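K.L.:
The structure follows.
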Amino acid sequence: MKSLDELSAYLQQKMRLEQFIHSHEDASQTEQLPELSSLTNDSRQVGKGTVFVALQGQRSHGLDYLSQVVEKGAAVVLADRLPSESERDLCAQLQVDFIYCDDLVHELAGLADWFYDSPSSRLKVIGVTGTNGKTSTAFYCAQMLQSLDVKVGLIGTLGYGVFGQLHKGVNTTPDVLQVHRLLAQFVAQGVSYVVMEVSSHAIELGRIAKVQFATLALTQVSSDHLDFHGSQEAYEAAKVKLFHDFPAEHKILNLNDAVGQSLVNRCHPYCIRQHDCVFWGYQLKHAELEDEVQPKEWLNLCVNLGINLQLSPQGMTFTLLHAQRKLPMHVPLLGAFNAENLLCALSCVMANGFEPDEVVEAARTVESVEGRMQIVHQRPTVVVDFAHTHDALEKLLESVRQHQQAASDAQKDPFYIDKGIHEGQVWVVFGCGGDRDQKKRPLMGAVAERWADKVIVTSDNPRNEEPEKIIEQILQGMQSPQQVDVIVDRKQAIEEALLQATREHRDNNLVVIAGKGHEDYQEIAGKRYPFHDGSVVKEWFADKSLTNKV
């Protein structure tokens, strides 16, 4: 912990300290000075000994919450503007010190790093960025590290905290004060590795400034967040900035991605000059290679290749080529894109010195992110996913169909789609949320009819709408709505799909339950009731005394 004297000395040295209003009667009696416990710009996180950083926000200023923070025990208020007379009097009355600093917002990262004694330097921080795949890759990486008896922390879309004990967050990457506070907490908790999702917003807004990374990884880059960045070029530049501006021991790049390829060609002068990193490239190929990819002469590049990808309703298999070795992989994951995410995670862990055989063994037991193509039962395979738009539902069902099709006819290309020739079938159970976009409802109906053999339309979160009316709009997008089962009660709809899929005991049958994913409630008529798709599935199989092999 830092003292008030240490804080004021740091501020005077590092930034323009405009005014220091000291509220204690005798500044020479250091035993009276408060011990400082944390930094935050969130009034809800203030406690005894907190330094509250008050900045101008989009809608309000941090000083608008001054009365709340001083009552909760804040020791110091650090602000980017002078206090009003009433604010000054309030601080004096409660003996809270007020410090005004010019250009405070640009000094936050350095302040946080200093305050918490450079916590990232005492951890192995793995940063993962990309348009898609960040969350899954980080999740796989954390699972593998935990399987290797490493205590690991996670920061990202799934929350933050020691892996397995996550707390919900607001942003994929928190603000810079919270990032360094979390890293300091990880140090105190005995964490060795931290896996952090790094969003493009975080890169541009300085949320990861002063973080020392051991490893940086790129999944893939497509179009996203153009409202924030202004153009695709600016968005890609933000991703590139992470690899150019932040030193790391290892940089993991997707060789199937255009931005990843360009980074291999553009980053090497920096690496040679700074001697800061080893590149790892990973690549998924769908056929055997005649020759293993050779690194460029000037680049210290390790390559992980995934070849001979085979899909099935139970997951996927492929061969990992690493250092002239062939390592067989079988993982209970769906979607070819998840093979690519897993390759990225494997590379992150291997790059940090873990034995390849041990890493591969750990990877064989990874599970999907809850509610994201999550297998909750096998034989028949039952998948729970959050897809709630027509585009997301189509991608989900297309991926599932690839797995089911490949199992039915292993001699055919697993990416060839023909609903008429396979032995097993695909069920889909879905609905649409109420009080939301009505235009997507018939589109989702059309997608379900096109890709699934059996369709059951049910309720999602009807909210304040009549479930039957929502279902009517879904059916309007179908050519043969009379062939669709309509079961308004979602629990009954799921159970009916499971009953149909198990009736003939076909291993290749596959049931998709879409729309809610990880949600643990169903909102009906403005009220939220406990409901979880995955739990309904597990309870049904338990009641039927059928073995859950997941």
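Any Cβ shown, glycine's included, is placed from N, Cα and C.
TrEMBL entries are annotated by machine, without manual review.
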K.L.:
Starting from the meso-2,6-diaminopimelate binding annotation in TrEMBL that includes ASP460, ASN461, PRO462, ARG463, GLY515, GLU519, which of ARG372, ARG379, ARG401, ARG436 is the extra site residue?
P.N.:
ARG436
K.L.:
Can you tell me how far the Cα of ASP460 (meso-2,6-diaminopimelate binding site) sits from the Cα of LYS239 (N6-carboxylysine), in Å?
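P.N.:
Given the Cα positions, ASP460 (meso-2,6-diaminopimelate binding site) is 36 Å from LYS239 (N6-carboxylysine).
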K.L.:
Sort PRO462 (meso-2,6-diaminopimelate binding site) into helix, strand or coil using the DSSP assignment.
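P.N.:
PRO462 (meso-2,6-diaminopimelate binding site) sits in coil per DSSP, no helix or strand.
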K.L.:
How far apart, in Å, are the two Cα atoms that lie farthest from each other among ARG436, ASP460, ASN461, PRO462, ARG463, GLY515, GLU519, the residues recorded as binding meso-2,6-diaminopimelate?
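P.N.:
Value for the max Cα separation, rounded to a whole number: 17 Å.
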K.L.:
If we count other C-beta atoms within 10 Å, could you say which of the binding-site residues ASP460, GLU519 has the fewest?
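P.N.:
Each of the binding-site residues ASP460, GLU519 was scored by Cβ atoms within 10 Å; lowest is GLU519.
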K.L.:
Mind telling me which of the recorded positions LYS239, ARG436, ARG463 has the densest Cβ neighbourhood, counting other Cβ atoms within 10 Å?
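P.N.:
Answer returned by the neighbour count: LYS239.
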K.L.:
Nearest of the binding-site residues to LYS239 (N6-carboxylysine) by CA-CA distance, picking from ARG436, ASN461, PRO462, ARG463?
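P.N.:
Comparing Cα positions, the candidate nearest LYS239 (N6-carboxylysine) turns out to be ARG436.
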